[in-house]
Every structure is written in C-alpha cells, then in structure tokens.
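Pulled from TrEMBL, these are the features on record:
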DOMAIN    17-393  domain 'Major facilitator superfamily (MFS) profile'
TRANSMEM  20-46  transmembrane segment
TRANSMEM  58-78  transmembrane segment
TRANSMEM  85-111  transmembrane segment
TRANSMEM  142-164  transmembrane segment
TRANSMEM  218-239  transmembrane segment
TRANSMEM  251-270  transmembrane segment
TRANSMEM  282-300  transmembrane segment
TRANSMEM  306-328  transmembrane segment
TRANSMEM  368-387  transmembrane segment
Amino acid sequence: MRSKTLEKSSHSEDVKKGQVILAAYVILTLDLTFVFMQMGVMPYLANSIGLDTVGFGYLQTTFGVLQLVGGSIFGRFADKFGARAALILSCVSGSAFFLLMSISTSIPILFLSRLPAVFMHGLPGAQKVITDMTTPSQRADALGKLGLCFGIGMIIGSVLGGVLSTKFGLRVPCFLPSTYINTLLISMSSSIGTSQSGSVFSIKEILRLMKFPGVMEVFIVKVFAGLPIGLFLIMFSIISMDFFGLEAVESGYLMSYFGVLQMVVQGLVIGKLTSRCTEMTLLKLSVFVFAGVGLGMALMRTVWHYCIIAVPLVFAFSTLGTITDSILTKAVPSSDTGTMLGICASVQPLTRTVGPTIGGVLYKHFGVSSFGYLQLILNIGLFVYLLKSKIPLTEMKS
C-alpha cells in the first residue's frame, strides 16, 4: 500500500514538473516571437526618426553591451530568488522595452528604450527552469528542445512583424509586445529555485564558478568555436546585399530557412544523439563539423552554396550551445546554475558588441572567405586541444 502511495506521489510530481517545463517553453516562444517582431521593423523605425546608419550601429552596440552586463547579474538573481522571479523580471523588462520603443519619437527616447534590455533574458530564465526540473541525464535533450521555441519565434515573429507594420504602421509590432506581461498569467504550478544569501552583484561569486574542474576549458571552447560564424552572422545583412545580391524579401526567406533547420536539429536530432553519445563526444563532433563549415565558407561563392553549408552550420551551432550549457550546469552546484547560465548567455552579447568592428575589418580588407579561414583555423586548434587534453569534469550533486 505504501509502495503504491509513493508511486502515485512520484507520478504526480513528474506531471507537475512537466507542466512547469511546458510553461517555460510557452513563455520563451512568446518572448522570442515578440523579439523577432520588432527586429524586422527596427531599422525602418530608426530611419523614420532620423537615425543614420552609423547611429543605428551605436544603437545595436548599446543593446549588446547592456545584454552583456545584465547576463551574469540576471543569473545571480535567478539563483538568489528562483527561476520564477527571474522570468517575471524578464517579462516586465520586456514590456518596458517594447513600450518605450512604441512611443519613440526622437533619437534620445529610442536609445532610452534599450535600458530595460539589461534584464531581458528569457532564454537563460527558461534554461534555469529546465536545469531545476530535469535530471542530469535528461538535461541536454530538454535544453535542445528550446531550439524549437527559437525556430517558432523566428518564423512567426518575422512574419507578424512584416504584416502588422505594413497594415497598421511601424509602431504596432512594438506596442503589441508591450502588453506581454500577460504571459505572467501562465501558471507555473510549483515554486522553482531556491533562495540563498549573497549579493546579486557579486563579481567574486561569478568568477568563483570558473574555478570548478573543467569549467574554464569548456567555456573557452564555447566562446571561440563559434566566434567567426558569429562575426559573419552579425555582418550578414551587409553580406547578403553586397556578396549574395539578395533583396529584403529573399533575406527573409533565408532567415525562415534557418529557423526551420534549427527546429529540426534541436527538436529532433540532438535529443537522439544525447541518448547514444557522451556529451564530450558531441562537443568534439560539433567542433570538428565547425572546422568543415569554415572550409566550406572559405570556398563559398553563391547563396546556394550557403544554403548547403547552413545544414552542418546549424547542426554545429545548436549542438555546441546545447552541450556546453548542459556540461557547465552539471559542473557547478545546483544553487549556482542560474549564474552559470547567465555567464553562458553573455557570449552572444559579447560577440554582438565587438562583432561590428572586427567583422567590418575582416569583410572590408579580406572578404567573406576570411570568416571561413578563421573558423577553420580556430576549430582545428580546438579539436586538437580536446583530443589531447583530459578535461576534468565532475558532476556536482548538490
């Protein structure tokens, strides 16, 4: 009788965890949909109030710096107050961000609208929920499925942004997401995360995590393996016009193609691979594939070549991101997973901050092939490093 009671209790707890994870997926999908809605209209809105190309670059850099600064702080906040509070903070910040954008009638207000971005971190918030609600063996698969949210948000958000701006004006795709604080009504049926002492703004606590066995090594691979591709993607709007000769509509189709690829890879492929291969094997595989992608990009000449290269590119990018996040969250205590996810989330803003300058120099002086050669050289070096070194990973139990 007692055994049946325990079994029933365990089943009920599993169902509750499943509902919480589903809620996190839904919130992230909405978050990304709204982000991509405004991304499509942002250049036109900035131009309509008199911001030139240089000024728009400064605006993007401001956004990147704020996200970079806020990532680790947001992670510490999630550890201290729980993932639920962190998601609420992200949603409220997003509402303020989109509301300020929708009422931007001057350049100063437009720059002011970037400030709430410091705490807009829906992805790390959702990842924190996943790490709290899953066992280590389930984690990589569950984190990989967040890619489905990204793909859906990219496709639906891009389409909605274009339709709404065409029919109702440029500010509507910005104003509509400002009401998305309503996503907080999605009930997360149990308390997520724990509270602990310590300051949210402790740099010492953030640096402490890098001293755990294997963390620094894996984090270095995470940063540098995809850096050249990140620089290429930052410059892609210019490359698509100058190098590929694409129109705006064709660039939109290409983005949708990437969204579909990411949904397939992260939603279907990564989960199956994690059940058959170790995470270190998949990490080495992603770096090796990245090296091949670099060679393909160095030889690339047409947009059709790029569409072919995109398949291994998306696979390597998705696998690297998912596996490194999984490894790093297992390598630190469960009370510090939010901080670690915040540090991981800072990689993209860091690339976005330095990317326009470095990417611009590479493209101007060495052409598109330079991104490919840099990608090839870096990843060959990282692959040899992973083969020769024995990274001391220890799975933390508490």
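Going from the start of the chain as shown, residues are counted 1 onward.
Just so it is clear, glycine is given a Cβ too, placed from its N, Cα and C backbone atoms.
When each of 85-111, 218-239, 251-270, 368-387 is scored by its Cβ pairs under 8 Å to the transmembrane segment (142-164), the top-ranked stretch turns out to be 251-270. On the 0 to 100 pLDDT scale, the domain 'Major facilitator superfamily (MFS) profile' (17-393) averages 80 in the predicted structure.
Of the Cβ pairs linking the transmembrane segment (282-300) with the transmembrane segment (58-78) and spaced 6 or more residues apart, fewer than 3 are under 8 Å, so the two regions do not touch. Sequence-distant neighbours of the transmembrane segment (368-387) (same chain, 6+ residues past either end, Cβ-Cβ under 8 Å): 221, 224-225, 227-229, 231-232, 239, 243, 280, 283-284, 287-288, 290-291, 293-300, 359, 362. Within the chain carrying the transmembrane segment (58-78), a Cβ under 8 angstroms from the stretch's Cβ atoms is held by residues 46, 51, 85-86, 89-90, 110-111, 114-115, 117-121, 124-125, 128, 193, 198-202, 205-206, 338-343, 345-346, 348-350, 352-353, 355-356, all 6 or more beyond its ends.
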